[in-house]
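Quick look at what TrEMBL annotates:
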type: BINDING; residues: R24, H136, T354; note: substrate binding site
type: DOMAIN; residues: 44-382; note: domain 'Aminotransferase class I/classII large'
type: BINDING; residues: G111, Y112, S180, H208, T237; note: pyridoxal 5'-phosphate binding site
type: MOD_RES; residues: K240; note: N6-(pyridoxal phosphate)lysine
Amino acid sequence: MNDQTLIADLRAQLAAQQAAHLYRRRRIQDAPAQPHGSSDGRSVLSFCSNDYLGLANHPDVIAALQHGAARWGVGSGAAHLVNGHTAAHHALEEALAEFTGQPRVLLFSTGYMANLGVITALTGRGDTLFQDRLNHASLLDGAQLSRATLRRYPHCNTNELNQLIAKDPPQLIATDGVFSMDGDLAPLPALMQIARDAGAWLLIDDAHGFGVLGRGGRGSLHHFGLSADETTVVMGTLGKAFGTFGAFVAGAEEVIETLIQRARSYIFTTAMPPALAEATRVSLRLAEREDWRREQLQTLIARFRHGAAQLDLPLANSFTPIQPLLVGTAELALAWSQQLETVGILVSAIRPPTVPAGTARLRITLSAAHSETDVDRLLTALAAIQLPPD
Ligand SMILES: *Cc1c(COP(=O)(O)O)cnc(C)c1O
């Protein structure tokens, strides 16, 4: 094969993706992450961000990042195990351990890497691991990398999981706490019991639970009134409700030590900038103390769901800030998203392979930084959508 063929192959694949309405494009934002911004040069109202508490652009968090950079410089300069692990990182780990109520916490550079790290450190060739069919891509990719046998169970179906487990006992069960594209919660009380009975680790990816659910935003486990036992490992991201960047894993002392020794996505990568750890400590404190942010979210969620139900829109069964409208085909999801964009409202169309075929959707996300007027504007625009004739 010569170079010409290689490029021609790519071109054909890209064209096929476009024909299937699955082509992805980036918009160029020219304002910070906040509901009222500007994209591709025009002013927009956005419902796409995971900045659920409105902290990404908070003046105290910005100031902490600036002071952090003045104190520590910008780059950490090395991996944690070389000499990139600063007192700023360490203080954030301790603050997160206290926040989660877990014995220890380890920072990772991203949530994607944290999931790869936990799964590859706790499972290996010859093991079986079970995952919810709708888990985040990073959990599924972690399973591939681990070389363990990956088995997927139907979404939130613990009966089916129990039957599968009886035939094939797992080393680990992994689930999103709040499902990222659906907004619903995993049945954590049942999953904890199943994992305990099976003698398996339970890994909860709470990227969308921390900051939003439970007292002080302590996440999905707290929402259910549960506390982690020694074999529960919880992953949280810092780039969503906490408004900064990075991720953490909370668990037993032995789990965290094992990650330090074995998690390649921890060992072989540069530590996050220490200034970011300083900024995150401030946003963590705001997230924990400012309950009005969670209350505002609940008000907006109720308002949106009430209005959407009156319009007979295809709402999902979610009471979190992730409020998908299940429109069906990729083409329809794009058409809805494009019509909203013509009136200056940004909502992402989520298509396969991010979600199963036939379940393309508009992924509407609400933030404490939205107002009730913003939600009403969205509802008005949704009511006015004209679908193209078949
Ligand atoms: C965003 C997300 C991740 C990845 O976190 P990053 O820090 O963005 O890499 C992992 N799991 C879930 C469920 C997520 O939504």
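Heads up, the Cβ atoms here are built off N, Cα and C, so glycines get one too.
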Item checked: For the domain 'Aminotransferase class I/classII large' (44-382), the mean pLDDT of the predicted model -> 97
Item checked: For substrate, whose listed binding residues are R24, H136, T354, the greatest C-alpha pairwise distance in Å -> 18
Next item on the list: Under 6 Å from ligand 1 by C-beta, which of these binding-site residues make it: G111, Y112, S180, T354? Sequence order, please.
Entry: G111, Y112, S180
Note to self: Just to verify a number: CA distance, T237 (pyridoxal 5'-phosphate binding site) to R24 (substrate binding site), in angstrom, no decimals.
What the structure shows: 24
Margin query: Tell me the coarse DSSP state (helix, strand, coil) of K240 (N6-(pyridoxal phosphate)lysine).
Written below: coil
Checklist line | For H208 (pyridoxal 5'-phosphate binding site), nearby residues of its own chain (Cβ under 8 Å, 6 or more apart in sequence) | finding: N50, Y52, D176, G177, V178, F179, S180, G183, K240, A241, T320, P321, I322
Next item on the list: Within 10 Å of each Cβ, count the other Cβ atoms, then let me know which of the binding-site residues S180, T237, T354 comes out lowest.
Entry: T354
Margin query: Please give me the CB contact count at 10 A for H136 (substrate binding site), counting all chains in the structure.
Written below: 25
Item checked: Number of Cβ atoms other than its own within 10 Å, given for G111 (pyridoxal 5'-phosphate binding site) -> 25
Note to self: With the pyridoxal 5'-phosphate site defined by the record as G111, Y112, S180, H208, T237, how many Å span the farthest pair of C-alpha atoms?
What the structure shows: 14
Checklist line | Sorted by sequence, non-G111, Y112, S180, H208, T237 residues with Cβ within 8 Å of centre, pyridoxal 5'-phosphate | finding: H136, S138, D205, A207, M235, G239, K240, A247
Margin query: Let me spell it out: for each of the recorded positions (R24, K240), count the other Cβ atoms within 10 Å of that residue's Cβ, using every protein chain shown. Which one has the most?
Written below: K240
Note to self: According to DSSP, collapsed to three classes, what secondary structure does S180 (pyridoxal 5'-phosphate binding site) have?
What the structure shows: coil
Check: Just how many other Cβ atoms lie inside 10 Å of the Cβ on Y112 (pyridoxal 5'-phosphate binding site)?
Finding: 18
